[in-house]
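Engineer: Dropping the structure in here first, questions after.
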């Protein structure tokens, strides 16, 4: 306790000392009093999205954007929204000086941004400061007498072990000279290092004696030996590379931040909060407030108010600083920085003290030494008070933890969700103990049911989403999901303006043998859907029943099932099902219909990406279709345990959709928006084969080898070359070279606008062609519908499709 308190105290005192020592910022005398100019550099890579923001002052009356002295206007790549400008798919033509001119009543502010878009990816450039030195040494060596190779900078090669996190760029250098000029080659683990040994290859810069590997993964671990040789001799040097895989954890907040702050009335207070998180964090700033004269509710948890929360256009750097302008005495109090990700929640608090404006009489001015002493003592007093308060609070409430309900403007602070169930008391005890409180915690990967007979639990009520149970009429079951079952239902009065309107909905609920982990996952999915918000092309949360009974999560109902079965049910007669060859679909799909499906899914994924949500299981089976043929992405809020699943065994915890997974996700478990783009490419292939199974006839073990060798699925018969190129772009080996969902939306929107409604599909050709032919080792039972490498058994409703090879029927 003493050690932790000392660290906090030193953090506060150091921050105070720095603030005292910092000189005031003033403009040079030669700058006109009515104009202020700031210059900010901005670097980007080709294909990036450039976002420039103008920091607004309170007295700003108008904003103008200028590039190289010319007024900027919106184009198909440039979007201007007041204080912000966005340029998509950046290129060298976007280089220049951008000026944001804001006019106020007393002065004009001009912010200059010098934008530089490089001509090549940074990984292809070598910016080593020793390049020129190496070149000059080589020239000097060429003019000298013949000699064997020698290291030119051995002191820079002393560090042999390099431990770097995954996805970083690694560069090894072996600078040498000799006459004649030596040659350079590299070994990995004492064997020749070939380009095809790693996804994306590597680069050798002979002129700088360097080896460059972009986006390293755990499989890149090993010993790398450079051999420099000429006809007079050879030398070598070995580096050891250790790639540290990033383990998921809740956000880590820098110790001592935010720090206690003291300001005078009318000035600006600033709190900083440095957040470290591998999964994308969601950051909020909260202020502790009083309700009915009390800062603490009856259950012992304090009340808080949300001051600042992350939005679509806010960066993490913006969220790490809280500015309180023109502070008053009412602003004094406790402030909290809250950071949450998919793993958990962390928070730090600090106090704001508001002081009176000091009299300007010289006799009353404190010396710098006195001011430092006052700040140190004040900081020590507040830290001591805070530590004592925490100790007393924990002694009185040993079993309670803290968490934040981030969706309420004023709400209680709680760390985990209390779940109440009946408890049997044995013996003759007369205690009134008829219920116990169970805290929902993450279980081990076994997921053993812990709440058998769960009948009642208690969650904080959210008025924005709460639906009365008597307004919900449950109907027939629709199926079983990850957490329990899904049933059809009718909800009355979901639309507040139409209290008697009946809406058909789907309701997710727990099974009778639900575990604590199941409950935690269902609550996490519900909270994720609240946080992400609503969009036309995702399954939206409509409400929830959290009080006086089991948890019901109410979502939109989709009458036409998932996209995979939707497409298969609309195959033309030329692709008849083996069990019903006379079946004729009610509706034939045109080329434009299929492009529309892809366009809608891309729009939904673009929205999820803007909310910093990574799906990790995008496939046609997870896209649902409404009565009006609207595509809606489902299961984006599921908590998936992807780090403890054996790739070669079916487990009770889950199944990996390997046929839809990007190589970096499959081999190194790196999940990003770019890995979702790979899955979207497979979904495109599913759409244009009307629900075909990816990589048909390819065994899972062979699939891994094919992906590493760069093989990709062939173009579907009724797919245009442009759309097939889009698929192949999504399947690029380098994640950074894949298109973004925003770019995919723009391209599909253009293709959709040029499509004709009359282009009905001729699917007399096979849909399951794939260039590497493999014998079908399975029985004649149809099994083309496998969702993952674990499933080799046919689905009960799977249609048996004819097997083709090179345009002809393939013998079984």
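The backbone N, Cα and C atoms fix where each Cβ goes, and this holds for glycine too.
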Engineer: Scan 306-327, 328-349, 350-371, 372-393 against Swiss-Prot and say which stretch is down as transmembrane segment.
Structural biologist: 372-393
Engineer: From the ranges 121-153, 154-186, 187-219, pick the one that Swiss-Prot records as region 'Disordered'.
Structural biologist: 121-153
Engineer: Have a look at 755-783, 784-812 and point to the one annotated region 'Disordered' in Swiss-Prot.
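Structural biologist: That would be 784-812, the stretch labelled region 'Disordered' in Swiss-Prot.
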Engineer: Using other CB atoms within 10 angstroms as the count, which residue among the recorded positions 100, 174, 273, 478 scores least?
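Structural biologist: Counting other Cβ atoms within 10 Å of each of the recorded positions 100, 174, 273, 478 gives the minimum at 478.
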Engineer: Which one of these recorded positions has the most other Cβ atoms within 10 Å of its own Cβ: 116, 260, 558?
Structural biologist: 260
Engineer: Using all protein chains in view, find how many other C-beta atoms are within 10 Å of the C-beta of residue 76 (N-linked glycosylation site).
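Structural biologist: There are 9 of them.
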Engineer: Would you mind reading off the Cα separation of residue 76 (N-linked glycosylation site) from residue 484 (ATP binding site), to the nearest angstrom?
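Structural biologist: Cα of residue 76 (N-linked glycosylation site) to Cα of residue 484 (ATP binding site) measures 46 Å after rounding.
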Engineer: Counting Cβ neighbours within 10 Å across all chains shown, tell me which of the disulfide-bonded residues 54, 226, 337 comes out on top.
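Structural biologist: Max Cβ neighbours within 10 Å, all protein chains included: 337.
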Engineer: Give me the count of other Cβ atoms within 10 A of the Cβ belonging to residue 292 (N-linked glycosylation site).
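Structural biologist: 6, counting other Cβ atoms within 10 Å of residue 292 (N-linked glycosylation site).
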Engineer: Hey, how far is residue 54 (disulfide bond) from residue 236 (N-linked glycosylation site), Cα to Cα, in Å?
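Structural biologist: The separation of the Cα atoms works out to 53 Å.
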Engineer: Quick check for the class: what is the C-alpha distance, in angstrom and rounded, between residue 236 (N-linked glycosylation site) and residue 617 (active site, proton acceptor)?
Structural biologist: 46
Engineer: In whole Å, note down how far the CA of residue 558 (ATP binding site) lies from the CA of residue 292 (N-linked glycosylation site).
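Structural biologist: Distance between the two Cα atoms comes out at 46 Å.
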Engineer: Tell me, by DSSP, whether residue 724 (phosphotyrosine) is helix, strand or coil?
Structural biologist: helix
